[in-house]
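Student: The structure's right below; bear with me while I get my questions together.
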Amino acid sequence: MAGGCYEATYSVYSHRSYPMAYSGARRSIAHCVAVVVYIFGYNSWNNNSAIAVGSCGVDGSWRVCSDQNLTFAAAFSAFGDPIPWLIALAFFFARGFIKTGLGNRIAYQFVSLFGSSSLGLGYSLVFSEALLAPAIPSVSARAGGIFLPLVKSLCVACGSNAGDGTEHKLGSWLMLTCFQTSVISSSMFLTAMAANPLAANLTSSTINQTLGWMDWAKGAIVPGLVSLIVVPLLLYVIYPPTVKSSPDAPKLARQKLEKMGPMSKNELIMAGTLLLTVGLWIFGGTLNIDAVTAAILGLSVLLVTGVVTWKECLAESVAWDTLTWFAALIAMAGYLNKYGLISWFSQTVVKFVGGLGLPWQSSFGILILLYFYSHYFFASGAAHIGAMFTAFLSVASALGTPPYLAAMVLSFLSNLMGGITHYGIGSAPVFYGAGYVPLTKWWGYGFLISVVNLIVWLGVGGVWWKAIGFW
């Protein structure tokens, strides 16, 4: 079955015609597309498969190497990309949170304040993450370094564990909610996601207008807040936790805190390391320290002090599995762009939409849908923006869409589209890797929430942008 998935996809793409500049590119594209589909298609169509996603990533990389479509260095090039490593480091941080008991302590504090209802607990996490978003420009760092350990500790404290049948008590809903809202908060501020400044730069070079921090925040604040309110509530209705209210939980949490006593030495080291790492994430731009370097420094402190051991890091199989498949996917997706598939797709869309002769509102609507849902083929928001943003902004402007409006909408969507898969944005592998939500449900609810976000941002957002004079 696995091989059939790969071979069928390869057959389809190898017989298509692309405007390539050199021989062999068509075959390379076919293999890259086949590997991407194989890595995730097989696992999503076969929920009971014993084949891990990471092993599919290794097997797919072997296939493109053995057929001489990519060199070994090319196929494994993304293992030097900082994002997969930042995600893996997040799991190591989570180990420290759990081992020291700091995660439980913070979780019990949250439960004591908001734990009388699951919905209240969820909203407290959602808006806490949104408040941090403008200060920490890496959604991977926010999700993995800060909120994954906290959410996992909350789930465990409430008796909801991955893999033992208790996921739906709280964990499934809370993990999916925190992921989907991390996508929304990344859309709300220029500095909330690493690729957002790229969209702003491309806006300036394409339409000669500046999309600054205040304009970005002003345009996104209303639809963003509406989405942050609507999405958790919608998921609460359609994918509810079985434990909805627990009036005794705050009292129990306070008793647990009393039993834990004062913070231990390792808890203090863990808390100090977290503050150091978050501080470097916030001020790293000024200090010329990137997010993954800050995370490595934090992990080094934990290793040197013995809070976390290297043996424990090696035992974090989910971290290594996620690192493997995500790096393999980034490499394949990058070569799809390099070999011309993405530029061919963009040019085809431009010609098609431009030839329809529709009003600009209808043409822009088609462009939005194509731009948004083509993200199924991307493992990086930056790669998607770099490959397609300029082309889609140019054609939208040429077809009569107000250029500044088009730039803003495409910029916001470049974050929101990350919610449709478990690899489309840095926070996706982090929360998916926790193991609380099956892949089919992750994709299914991801598509549903994407529709809701489009309605909110284009509906409520459109009215708001008109009111503040953006079009």
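Using N, Cα and C of the backbone, Cβ positions are placed for all residues, glycine too.
Marked as transmembrane segment by TrEMBL: 28-45, 70-94, 106-126, 173-195, 216-239, 268-284, 291-310, 322-340, 352-372, 378-399, 404-425, 445-465.
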Student: Report, as numbers and ranges, every residue of the chain located at least six residues beyond the transmembrane segment (268-284) whose Cβ falls under 8 Å of a Cβ in that stretch; write 'none' if there are none.
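Tutor: Sequence-remote neighbours of the transmembrane segment (268-284) are 93, 96-97, 100, 102, 135-138, 141, 145-146, 290-291, 293-295, 297-298, 301-302, 305, 307.
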Student: Would you confirm whether the transmembrane segment (352-372) and the transmembrane segment (216-239) meet the contact rule of 3 or more C-beta pairs below 8 angstroms, pairs 6 or more apart in sequence?
Tutor: no
Student: Tell me if the transmembrane segment (291-310) touches the transmembrane segment (106-126). I count contact as 3 or more CB pairs below 8 A, with pairs 6 or more residues apart.
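Tutor: With fewer than 3 qualifying Cβ pairs, these stretches do not touch.
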Student: Assess whether the transmembrane segment (378-399) lies in contact with the transmembrane segment (216-239), where contact requires at least three Cβ pairs under 8 Å among residues 6 or more apart in sequence.
Tutor: no
Student: So are the transmembrane segment (173-195) and the transmembrane segment (404-425) touching or not, going by 3+ C-beta pairs under 8 A with a sequence gap of 6 or more?
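Tutor: Stretch pair touches.
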Student: Compare 216-239, 291-310, 322-340, 404-425 by their Cβ pairs under 8 Å to the transmembrane segment (70-94) and return the stretch that comes out on top.
Tutor: 322-340
